[in-house]
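Quick notes on the structure that follows.
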């Protein structure tokens, strides 16, 4: 019997065996001495390094998700443009993923991953650079302008000059210098940095997963992948917690007097230190690249043969190579032939009907997931009146640990029960559908709109129709206020007014955040029982029952996230089980390519465009151009956001049912054929004889796999 292994391994084995195993007539007089390996080398080191890299890349990705509303406000852009910035990561990934996946098996995979980490680090740092080249953040406020007009300590928002102040603030006729500032488009640098980060992230998943799957035991591969993704979940947890901290810090912290800032983190004009998270993510990515620079191109496959068999094989190898052993030189392949093989391989993977149907089902689910995750913090802010800091904190502290536990338990269950393709399909899509049913409860735990005079209610407190603009009223007709400003104040009657001028206020006391406006005529219209006609800065909080509904929303989200993640590992392993062994790297690459191109890029854009349609009040930039949205219609936002998520996920389960029927039919046809090897197939997933699509076992025969269901 002969064992085929690489020439380098043969030479090493012979050099190691010769001093202690003298040959006499072709026999080995002593058992072979195994070479001692350090616990810090090989597959474990690669798994640890790849886990930290996954943590790094998910950290930087989560920083972008948690900072999306901060970026909107800082650059005065709508949600659709913010979605385009978020999708630029997938654009960069799309440029390289297919070729990296195909040629990755032919190059030094660890060093390719290291190069990707260096590029990813540069992209994260570039994303933060616009902060250092832009001026200080100037938010919309009427206090500064009124203070410049009125030198006294008391401010009269309803003064005769109020309309003039509004005109000067909105700059209907901007000067040339202002035009130049408005045309700078600094957000493009954020887009380019995020795209560069996507290019750097490209080799990590396809090359890392294929390298791990090639050199790990077949039964251990699902557990390793589950462990990898579980550790990677620490990245989003840290990312959202870091995003929470950064959102609480003012964007220009350390450069401006915070006592002069009149807004709080709950204000829709607040911008946190979004740039700080990207700087930290860039340094983390740089550190993650170092271990891969010292890892080998390939590792030894774990030996599963007994010692006796290994000894016999080693003696046969020495006999075969005693007189003539020279490494086989591979003939160089022409680029045209290599490119032709690439397209043939792509056709072979996409021509696999089972793989293609599976891809379509996952594509719809991934589209809903991308939009959901991108705008989840914004949804929590607008629907439940939470600050960006608290929204990120709650997401990182509740949902993500449940996801991490679900992913790890899914890998353990797959290892324990050794599910094949049918078992993984049943379990993966089954628990995902159960999570989908639970998530439908989100429709019933929404909050009502903010009570804003002139937008959601009239000045007497009665609701107004969506889109009906009643900003002006008889109570503020004498004030000559500007209608395009947003500097909200809250009355004791629970109604928010767009500005103190529109509230009809005549006098003010205090300074900065402690400013209080008095003698507000519009508060009398709503019928105050206490007779207090004063208002304070900031919009009014939502009703108490909204806080209770937010708790319900969080509980539903945690349960749904757990069950959705529980089927994540079995579903991911389907990608590896449905293609030929030599095409696994390409299959994973095409899987990622499809998700990036058809879900990751367009989903944030059309989600953002749909959300923009629910805006009630747009902010204004320094030059009068339309900026970020200040307040949304909560009811319309909930229906649009959750409705789109449901509309994408529901059809995916119909396609998943078709996928299951196709897989079941395939296995029934296969079981009708004579079974080889006495009814057992202990051939690893990389075995040459096990090369037909969807015929890979998990250490047991197909009949045995069916018995677990």
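Quick reminder: no glycine exception, Cβ is built from N, Cα and C everywhere.
Copied over from TrEMBL, here are the features:
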REGION    1-32  region 'Disordered'
DOMAIN    46-668  domain 'Major facilitator superfamily (MFS) profile'
TRANSMEM  112-133  transmembrane segment
TRANSMEM  224-251  transmembrane segment
TRANSMEM  271-295  transmembrane segment
COMPBIAS  303-323  compositional bias 'Basic and acidic residues'
REGION    303-332  region 'Disordered'
TRANSMEM  354-373  transmembrane segment
TRANSMEM  393-414  transmembrane segment
TRANSMEM  426-445  transmembrane segment
DOMAIN    469-524  domain 'Kazal-like'
TRANSMEM  550-574  transmembrane segment
TRANSMEM  586-607  transmembrane segment
TRANSMEM  640-663  transmembrane segment
COMPBIAS  670-683  compositional bias 'Basic and acidic residues'
REGION    670-709  region 'Disordered'
COMPBIAS  687-701  compositional bias 'Polar residues'
Here the stretch out of 354-373, 393-414, 586-607 with the most C-beta pairs under 8 Å to the transmembrane segment (224-251) is 393-414
Summarise the model confidence on the domain 'Kazal-like' (469-524) as a single mean pLDDT, whole number.
82
Could you name the stretch, out of 271-295, 354-373, 640-663, with the greatest number of CB pairs under 8 A to the transmembrane segment (112-133)?
271-295
With DSSP, how much of the domain 'Kazal-like' (469-524) is helix, how much strand and how much coil, in residues?
10 helix, 11 strand, 35 coil
Tertiary contacts of the transmembrane segment (271-295), defined by C-beta under 8 angstroms and 6+ residue spacing from its ends, are 45-46, 48-49, 52-53, 55-57, 59-60, 63-64, 66-67, 70-71, 73-74, 110-111, 113-118, 120-125, 127-128, 130-132, 137, 139, 193, 200, 239, 242-243, 246-251, 253, 265, 388-389
Can you tell me which recorded stretch out of 426-445, 586-607, 640-663 has the most Cβ pairs within less than 8 Å of the transmembrane segment (550-574)?
426-445
Close approaches to the transmembrane segment (354-373) from elsewhere in its chain (Cβ under 8 angstroms; 6 or more beyond its ends):
65, 429, 432, 571, 574-575, 578-579, 587, 590-591, 594-595, 598-600, 602-604, 606-607, 641, 644-646, 648-649, 651-653, 655-656, 658-659, 662-663, 666, 693-694
Given pairs 6 or more apart, does the transmembrane segment (640-663) have at least three Cβ pairs under 8 Å with the transmembrane segment (393-414)?
no
Other than its close neighbours in sequence, what residues sit by the transmembrane segment (393-414), given a CB gap under 8 Å and a spacing of at least six beyond its ends?
66, 222-223, 225-227, 229-230, 233-234, 236-241, 243-244, 376-377, 380, 386, 424, 427-428, 554, 557-559, 561-570, 573, 698
Please indicate, using numbers and ranges, the residues of the same chain that are 6 or more beyond the transmembrane segment (426-445) and have a C-beta under 8 Å from a C-beta there.
361, 365, 410, 413-414, 419, 549, 552-553, 556-557, 559-564, 566-568, 570-571, 574, 638, 642, 645-646, 649-650, 653, 656, 659-660, 709
